[in-house]
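A.B. asks: Mind looking over this structure? Questions follow.
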Amino acid sequence: MPFRTLDTADLAGKRALVRVDFNVPVDGGKITDDTRLRAALPTIRYLSSKGAKVVLLAHFDRPKGKVVPEMSLAFVAEPLSKLLEQPVAFAADCVGPQARAVVDALENGGVALFENVRFHAGEEKNDADFAAQLAENGDLYVNDAFSAAHRAHASTEALARILPSYPGLAMQRELDALDAALGNPKKPVLGIVGGSKVSTKLDLLRNLVTKLDYLAIGGGMANTFLHAAKIDVGASLCEADMADTALQIIDLAAAAGCKLLLPTDVVVAHEVKPGVAAYTRNVYEVQPEDRILDAGPDTVATLLAAMDASQTLIWNGPLGVFEVPPFDEATVSAAKHAAKLAKSGKIVAVAGGGDTVAALNHAGVSGDFTFVSTAGGAFLEWMEGKTLPGVSALEV
């Protein structure tokens, strides 16, 4: 996809409206995880160093088009200022005279944060008039919030079509990584899709089987595929009503030349709790009272061999109930092997989705993957092959 890049922009003295994701977790008015603030720092610093007036647009929570004082972004200004090591001015609105006054007072290289864009109903309606009001305070637009790119909102889509628009540095890095994983990957490509339900990942599976050489299915959704293949999964989580759909995906994979890797052995227990008695069984030997909670060692060995044979890995969803040891072993083994291959340059390893990020953190390897996306819904919709409005609006 062709985009303008910030290094080609004339920035000195220009007002740069920058869409960031500051929808941070908060407890008692304090930010408990500042990852999203830190993700925006390179773009803010770059623009500031080039003499731009940096004006930050963001949403927080779901005020539904009304001013809700406890959903104000005012609390972000001070921690952001500390991270940047420079003052951050706060405007009590994102449009109108209050916003204009703060921007007018900025010196070149200065930074301002506007109030929650979702305090205006026009934001989530992608309203052209509201976008035009936002645009009054900018000479150019930068979107650095890939995590909000699947939403066609005024600050992510309509605004990008009014001003000269650019992806921010974090957005560009995400787009480059995703292109390397699915857009234009080195083959063979292996996908790992885990999680509990087939029903939540139907579009994902249908899209991936047409693009991958191998697809390993794990987690609770693997039970549905085993059930569809007339294999008894005992007392395991299983969407029996999705059996026909699972068979359709098996047929789609066969037609596309994608090799499906389903569990051949599993780790079972009678309940999900730490320290419970766990057993490894061949999938054909699962007992009526067994609950499948992880992939077995033979299944993992097959998966690692597929990794060794691949040049690209894309991963979404854990292979078992990784939060409860010992049912984390398959996920941890696969994650560590992928990280080792990525670190040595043998594979491009891209992962994303909330549970996946948590699983890689649990395995202690998220820093060794080529790229780990924290974008959640946007990452999933991209994997499903859907157009992301906030990305397509940036195309030249």
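First residue shown is number 1, and so on along the chain.
Placement of Cβ uses the backbone N, Cα and C atoms for every residue, glycine included.
Per Swiss-Prot, the feature substrate binding site maps to ASP21, PHE22, ASN23, ARG36, HIS59, PHE60, ASP61, ARG62, ARG118, ARG151; the stated evidence is sequence analysis. The ATP binding site annotation in Swiss-Prot covers LYS201, GLU323, GLY353, GLY354, ASP355, THR356.
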A.B. asks: Which one, from the binding-site residues ASN23, THR356, has the smallest tally of other C-beta atoms lying within 10 Å of its C-beta?
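C.D. replies: Lowest Cβ count within 10 Å among the binding-site residues (ASN23, THR356) is ASN23.
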A.B. asks: Give me the CA-CA distance between ASP21 (substrate binding site) and GLY354 (ATP binding site), in Å, as a whole number.
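C.D. replies: ASP21 (substrate binding site) to GLY354 (ATP binding site), Cα-Cα distance: 16 Å.
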A.B. asks: Between LYS201 (ATP binding site) and ASN23 (substrate binding site), what C-alpha distance do you get in Å?
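C.D. replies: Counting only the Cα atoms, the answer is 25 Å.
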A.B. asks: At the Cα level, what's the spacing in Å between GLY354 (ATP binding site) and ASN23 (substrate binding site), rounded?
C.D. replies: 15
A.B. asks: Check each residue in the chain of GLU323 (ATP binding site) that is at least six apart in sequence and keep those whose C-beta is under 8 Å from its C-beta; list them in sequence order.
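C.D. replies: Same-chain residues close to GLU323 (ATP binding site) (Cβ under 8 Å, separated by 6 or more) are ALA358, HIS362.
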A.B. asks: If you measure from the Cα of THR356 (ATP binding site), which of the binding-site residues ASN23, HIS59, ASP61, ARG118 is the nearest?
C.D. replies: ASN23
A.B. asks: Using Cα coordinates, what distance in whole Å links ASP355 (ATP binding site) and ASP61 (substrate binding site)?
C.D. replies: 21
A.B. asks: Using DSSP and collapsing to three states, where does ASP355 (ATP binding site) fall: helix, strand or coil?
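C.D. replies: Reduced to three states, the DSSP call for ASP355 (ATP binding site) is helix.
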A.B. asks: Return the residues near HIS59 (substrate binding site), defined as same-chain residues 6+ apart in sequence whose C-beta is under 8 angstroms from its C-beta, sorted by sequence, else 'none'.
C.D. replies: PHE22, ASN23, ASN116, VAL117, ARG118, GLU123, ALA148, SER155
A.B. asks: Below 8 Å Cβ to Cβ and six or more residues apart, same chain only. Which residues does that give for ASP61 (substrate binding site)?
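C.D. replies: Non-local contacts for ASP61 (substrate binding site): ASN23, VAL68, MET71, ASN116, ARG118.
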